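For reference, the structure is listed below as C-alpha cells.
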Amino acid sequence: MKWIPAVSKRTMFIYFTLLFLLYLFYALNSCLVDEKQFNIKYLILKRHISNYKSATVRFASLLGLDWSENKYRRLKKQNLVPVKRLPDALIIGVKKCGTRALLEFLRLHPDVRAAGSEVHFFDKFYHKGFEWYRDRMPPTLEGQITMEKTPSYWVTRSAPKRVYAMNPSVKLLAVVRDPVTRAISDYTQSASKRPSLPRFEDLALVNSTVGWGGAWSVVDASWPPVRLGVYARPLRRWLRRFPRSRLLLISGERLVADPAAEMARVQEFLGLKHVITEKHFYFNSTKGFPCLLKSESRPTPHCLGKTKGRSHPHIDPVAIERLRDFYRPFNERFYQLSGINFGWP
Ligand SMILES: Nc1ncnc2c1ncn2[C@@H]1O[C@H](COP(=O)(O)OS(=O)(=O)O)[C@@H](OP(=O)(O)O)[C@H]1O
C-alpha cells in the first residue's frame with residue numbers, strides 16, 4: 001500500500017468523479033433513435049438513409065422507472081425491435097393480373113414489409129392456425145405494414161370469412177385485368193409447364209375443332225382460365241364481409257402503363273407516405289414492361305423474373321371475339337358492383 005500516499009486526495013477525487021460519470025452514462029444507456037421510429041433499415045442496416053434526411057434524431061434515455069428491465073425490453077417497448085405480426089393488408093388476387101408486380105413495387109416502400117412467397121394460409125393452411133401464419137411474416141416495427149399476397153384468396157369461398165376473423169379492419173387489394181388477356185396469360189403459364197397442352201382455342205371453346213366462326217363455338221365457362229375472369233362473383237362474396245372502402249381494386253393495365261400513378265393510389269389507400277414515385281421505375285422496351293431501377297434486394301436496374309411478362313402465343317382473333325362477347329355482361333356487372341369502369345374491350 002506504499003503507492004497510496006503518492007496519489008493526492010485531489011487526484012483521487014477526480015478519478016472517482018470520472019468513474020461515477022462513466023457509470024452514470026452506462027446506466028442511462030442512452031442511444032440515438034429516429035423520432036419517427038421509421039424502420040429497421042435505417043436503424044439497423046443503415047440503408048435508405050437518404051430517404052430520411054428530414055427525420056429528426058434525438059437522444060432517448062432508455063432509463064425507465066423499472067430498473068429490472070433490460071435494454072432489449074426497453075427497445076421493444078419503444079417499438080425499436082421488429083416483431084412478427086399478422087398482416088395489416090393482403091393482396092388477395094387476381095391470379096395473372098400483376099399481383100407480383102404490385103407486391104414488388106410496394107416493397108420499395110420502407111414502411112412495408114412483405115412475405116416473399118405466397119403463404120396460402122386462408123386457402124390451404126388455415127388449419128395450422130394464426131400463430132403459424134404470424135410466423136411466416138417478416139418482422140416489422142410498429143407503424144410498418146405487414147403484407148402478403150396469395151392470388152387464390154380471391155376465389156376461395158371461405159377466405160372472406162376467415163380473413164374477417166383474423167382482422168375485420170384489414171385492408172384488401174386486388175389487381176384485375178382484361179379477363180381475355182388474363183385467360184391467355186394463365187394458359188401460357190400452364191403451357192410452359194406442359195408443352196403437350198392443346199391449343200388455347202381448343203380449351204377455351206367447346207365444339208370448336210372445325211373452322212373458326214362456326215355458330216357452335218361456345219365458351220367453356222367451366223375451364224379455370226376462363227372461369228377466373230368472371231370477377232363479379234368473387235367480388236360479391238368479398239363485399240358481403242367487407243365494406244367497399246376496405247377493398248382497393250387496381251387496374252393491371254394501368255400498373256403496366258403508369259406504375260407510379262397506380263402506386264400513388266395504393267399508397268393513399270394504405271395510409272402511407274408517397275415514397276414510391278416515377279423515379280423508381282424505367283420502361284424496359286425489350287421486356288415491354290416497367291422495371292425497377294433498384295430495390296431492397298438489388299441495387300441495380302432489374303425487371304421481375306422470367307415468368308413475369310412472358311410472350312403469349314398467337315390466338316385466333318375469332319376466338320378472342322367469342323371470349324369478349326362472353327365476358328361483356330360479366331364485366332358490366334363487375335363495373336357496377338365495383339363502381340369502376342375498367343374499359344375492357
Ligand atoms: N412490371 C411488370 N413486369 C412483368 N410483368 C408484369 C408487370 N406488371 C404487370 N405484369 C403482369 O403480371 C402478370 C403476372 O401476374 P401475377 O404476378 O399476378 O401472376 S401470378 O398469379 O402470381 O402467377 C404478367 O403476365 P404475363 O404477361 O402473362 O407473364 C404480366 O403481364
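In case you wondered, yes, glycine gets a Cβ from its N, Cα and C as well.
Here's what TrEMBL has on this protein:
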- K96: active site, for sulfotransferase activity (ACT_SITE)
- K96, C97, G98, T99, R100, R177, S185, K308, G309, R310, S311, H312: 3'-phosphoadenylyl sulfate binding site (BINDING)
- C291-C303: disulfide bond (DISULFID)
- 87-328: domain 'Sulfotransferase' (DOMAIN)
- 12-28: transmembrane segment (TRANSMEM)
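Ranking the binding-site residues G98, G309 by the number of CB atoms within 10 A of their own CB puts G98 at the top. Most Cβ neighbours within 10 Å among the binding-site residues S185, S311: this distinction goes to S185. The CA atom of C291 (disulfide bond) is located 19 Å away from the CA atom of S185 (3'-phosphoadenylyl sulfate binding site). The recorded positions considered are K96, R100; of these, R100 has the fewest other C-beta atoms within 10 angstroms of its C-beta. Checking the recorded positions K96, G98, S185, G309, S311 against ligand 1 with a 6 Å cutoff on the Cβ atom leaves K96, G98, S185, G309, in sequence order.
It is 6 Å from the Cα atom of K96 (active site, for sulfotransferase activity) to that of S185 (3'-phosphoadenylyl sulfate binding site). DSSP assigns S185 (3'-phosphoadenylyl sulfate binding site) to a helix. Neighbour count (other Cβ atoms within 10 Å of the Cβ, all protein chains): 18 for C303 (disulfide bond). C303 (disulfide bond) carries neither a helix nor a strand DSSP state and counts as coil.
Using a 10 Å radius centred on the Cβ of C291 (disulfide bond) and all shown protein chains, the other Cβ atoms total 20. The 3'-phosphoadenylyl sulfate-binding residues named in the record, K96, C97, G98, T99, R100, R177, S185, K308, G309, R310, S311, H312, extend over a maximum Cα to Cα distance of 18 Å. Note: the Cα of C303 (disulfide bond) and the Cα of G98 (3'-phosphoadenylyl sulfate binding site) are spaced 13 Å from each other.
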